[in-house]
């Protein structure tokens, strides 16, 4: 038993029922009844007609049993090692007392400042050494030989 689908309403058409409509371009449509056929021929949109399957699908009618509650993904905190530091090292640092951590931070800052000062001092000495030889040898002015030419002969120009 072959069951067709109505081209307009979307309902099943059982054998012995419905009408077939062949357009001049060769496309064939099956309609459940004259109501569907007349609605199709008057160019009505099945998505805007309440009783059609397309309307019910568009407006989500009659699907309440199938809908499951959407599960939201929850972010789970996970601790793992980072490159250059193992998990044990990270946990040890985290469990340190704040005073110890503060002292370590200050010591690191002090060391960085000292290194910066040393770098600047070495830079200063290098600059002073570079400047000294330039002052010792001043350049002498080159005297260009003046070309003595014969007196000009002629008029104004």
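Cβ coordinates are placed from backbone N, Cα and C, and glycine is handled just like the others.
Same-chain residues lying 6+ beyond the ends of the compositional bias 'Basic and acidic residues' (106-117) with a Cβ under 8 Å from its Cβ atoms: none. Positions annotated as compositional bias 'Basic and acidic residues' by Swiss-Prot: 106-117.
What Swiss-Prot records for 123-140 is compositional bias 'Low complexity'.
Long-range C-beta contacts of residue 2 (SUMO2 cross-link), restricted to its own chain and to partners at least six residues apart, with a cutoff below 8 Å, comprise 15. Positions annotated as SUMO2 cross-link by Swiss-Prot: 2 (among others).
In this structure, residue 27 (SUMO2 cross-link) belongs to neither helix nor strand by DSSP; it is coil. Residue 27 (SUMO2 cross-link): 9 other CB atoms within 10 A of its CB, across all protein chains. According to Swiss-Prot, the SUMO2 cross-link annotation covers 27 (among others).
Residues annotated as SUMO2 cross-link in Swiss-Prot: 35 (among others). DSSP classifies residue 35 (SUMO2 cross-link) as helix under the three-state reduction. Shown in sequence order, the list is empty: the chain has no residue 6+ apart in sequence with a C-beta less than 8 angstroms from the C-beta of residue 35 (SUMO2 cross-link).
A coil conformation is recorded for residue 147 (SUMO2 cross-link) in the three-state DSSP classification, outside any helix or strand. The Cβ of residue 147 (SUMO2 cross-link) lies under 8 Å from the Cβ of no residue that sits 6+ residues away along the same chain. As annotated by Swiss-Prot, SUMO2 cross-link applies to 147 (among others).
Taken from Swiss-Prot, the feature ADP-ribosyl glutamic acid applies to 4, supported by experimental evidence. In the three-state DSSP scheme, residue 4 (ADP-ribosyl glutamic acid) falls into the strand class.
Residues annotated as N6-acetyllysine in Swiss-Prot: 27 (among others).
Here Swiss-Prot flags 77 (among others) as N6-acetyllysine. DSSP assigns residue 77 (N6-acetyllysine) to coil in the three-state reduction, outside any helix or strand. Around the Cβ of residue 77 (N6-acetyllysine), the number of neighbouring Cβ atoms within 10 Å comes to 4.
Residue 83 (phosphothreonine) has a Cβ environment of 4 other Cβ atoms inside 10 Å. Here Swiss-Prot flags 83 as phosphothreonine, drawing on a large-scale study or a structure entry.
Taking Cβ-Cβ distances under 8 Å and a sequence separation of 6 or more, residue 86 (phosphoserine) has no neighbours in its chain. Residue 86 (phosphoserine) falls outside any helix or strand according to DSSP and counts as coil. Summarising the annotation, Swiss-Prot assigns phosphoserine to 86 (among others).
The N6-acetyllysine annotation in Swiss-Prot covers 93 (among others). Packing around residue 93 (N6-acetyllysine) is summarised by its Cβ count: 12 other Cβ atoms lie within 10 angstroms of its Cβ, all protein chains included.
Annotation source Swiss-Prot lists N6-succinyllysine at 131, citing similarity to another entry. Under a cutoff of 8 A between CB atoms, and with a sequence separation of 6+ in the same chain, residue 131 (N6-succinyllysine) has no neighbours. Look at residue 131 (N6-succinyllysine): DSSP puts it in a helix.
Residues or ranges marked as phosphoserine by Swiss-Prot on the basis of a large-scale study or a structure entry: 149 (among others). The Cβ of residue 149 (phosphoserine) has no same-chain neighbour under 8 Å that is 6 or more residues away in sequence.
Under the heading region 'Disordered', Swiss-Prot lists 106-157.
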Integer Å value for the Cα distance linking residue 27 (SUMO2 cross-link) with residue 4 (ADP-ribosyl glutamic acid) is 15
Taking Cα atoms as reference points, rank the modified residues 4, 77, 93 by distance from residue 83 (phosphothreonine) and give the first. 93
In the compositional bias 'Basic and acidic residues' (106-117), how many residues does DSSP put in helix, strand and coil? 12 helix, 0 strand, 0 coil
